[in-house]
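Encoded as structure tokens, the structure appears first; notes follow it.
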Amino acid sequence: MLLYSKRIPLMFPVNFLWGAATSAYQIEGDPLAAGAGASIWHQFAHQPGRIANGDTGDIACGHYRRWAEDVALMAELGLTAYRFSVAWGRVLPNGSGAVNQAGLDFYRRLIDALCERGITPMLTLYHWDLPQALQERGGWQHPDSPAWFADYAEVLIRAVDDRVPLWITLNEPWVVTVPGHLEGIHAPGLQNRAATPRVAHHLLLAHAAAVTVYRALGRHQIGLAVNLEPQFPASASAADQTAARRRDAFINRWFLDPLLLGSYPPELQEIFGADWPNFPANELARIHGIPDFIGVNYYSRGLVRADATEQTLGARRIKPQNAPCTTMGWEIYPAGLTETLLGLRERYGEVPLYITENGAAFIDADLQAGVINDAARVNYLETHLRAAQMALAQGVDLRGYFVWSLFDNFEWAEGYAQRFGMIHIDSHHGKRTFKRSAHWYREFIQRGGF
Ligand code: GBH
């Protein structure tokens, strides 16, 4: 089959960005240093029973202290781009109001160091760590939350837009909405079905408000990053087909349809019933607007079975038999990346794309004589890069690829039990060690492709 052919002679475009991605709470540690305000993730992780093994981001990768060493590692890896996020509460400890200069300076220094090494910064404004002070005012349920976000965005844009060419407003608003406010497995840990559609709506309005600020003050490109996973019916039955279509609307189209087409998918009204509000037309019009690019976070696909006991969706994901999986239980399915990239163009037209996250968790063999032979990760990255190349070969405007993740880090509800990194971090001293995947990626970048 063409998709896995090793003979496709194409190279990646010369200006293609080769990156790795991280997020603030997952790597920085010292979450309250230098006047920072606590985030909802700090709060959540310190509640008993929320995170596997009682882990927290208190130390994480120690990147807050070791950022200079870490930028040197990125340079050694040969990255041409680095995607990171800013902790809102380091910059605005109360979420709005007074700016904490020390927090802003941390990111200025980081950005300067990246630029000195010729590494293009891609800055995510929001990777889930809302200031706790704003949560106490209602968080994303509050109608003022889009304005809070726009004010925060303005502070960052004014401070660093001269050195940051690529901006992402929100990382995966779906994850903020569903695990955070419907399932309660992510901060702020709510299970509030009636509030869920409004949370999503406020996130979209927040994105739009930040883009408006950016159009006035910024000089480069701004987009958002969404988690996409193509959904397949588990059987040919009509019920399973309907279930897959619903889950596709729920996960893949909830945010992109209103943004790029101007209206929510009709399936959402079916899914939420009486909990689906009648959103005003002027707000939908404000949301509707083409970003400069879309960031695609791709990990896996969904195989979907109709299931009436699933209250909200009437559908659930099943594990395909005998399919290879990562330790997250996610099926390894590279063809889904090609399909996702082509599907975006088909549904929404030509929008520049970046793969802002792609990667896998595996149990790495022990660190022996300084070597971690994570062959499964190399294989995952290699097959997904081929899948990306297939989309490029069909003319998709794909501009860069970011491995999730640079480091083993705080994997949210899973704590440190799940490892996505190309770089291992020693849990006692924080010593960094390149896994085989890091060496492999370095050589891949050097060659400019396969
Ligand atoms: C990303 O989210 C995050 O941006 C990043 O911070 C995180 O560390 C990384 O991935 C690894 O987890 O079939 O219902 O189980 C991942 C987004 C969304 C991917 C939900 C898996 C499974 C949906 N995830 N999806 S379900």
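Cβ atoms are placed via backbone N, Cα and C, with glycine included.
The feature substrate binding site is assigned by TrEMBL to Gln26, His127, Asn171, Tyr299, Trp404, Glu411, Trp412. In the three-state DSSP scheme, Gln26 (substrate binding site) is classed as helix.
Under DSSP, Glu172 (active site, proton donor) is assigned to coil, being neither helix nor strand in the three-state scheme. For Glu172 (active site, proton donor), applying a Cβ distance below 8 Å and a minimum sequence separation of six or more within one chain yields Trp128, Ala225, Val226, Asn227, Asn297. Here TrEMBL flags Glu172 as active site, proton donor.
TrEMBL lists Glu357 with the feature active site, nucleophile. A C-beta separation below 8 Å, combined with a sequence spacing of at least six in one chain, links Glu357 (active site, nucleophile) to Ala21, Ala225, Gly295, Val296, Asn297, Tyr298, Tyr299, Phe402, Trp404, Ser405. DSSP assigns Glu357 (active site, nucleophile) to a strand segment in the three-state reduction.
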Annotated substrate contacts Gln26, His127, Asn171, Tyr299, Trp404, Glu411, Trp412, maximal Cα-Cα distance (Å, integer)
18
According to DSSP, which kind of secondary structure is Trp412 (substrate binding site) found in, if we only use helix, strand and coil?
helix
I need the neighbours of the substrate site defined by Gln26, His127, Asn171, Tyr299, Trp404, Glu411, Trp412. Which other residues of that chain put their C-beta within 8 angstroms of the C-beta centroid, in sequence order?
Ser23, Glu357, Ser405, Asn409, Phe420
My understanding is the cutoff is Cβ-Cβ under 8 Å with a sequence separation of 6 or more in the same chain; which residues meet that for Asn171 (substrate binding site)?
Ser23, Ser85, Thr124, Tyr126, His127, Trp128, Leu224, Ala225, Gly295, Asn297, Thr356
Quick one, of the binding-site residues His127, Tyr299, Glu411, Trp412, which Cβ has the fewest other Cβ within 10 Å?
Glu411
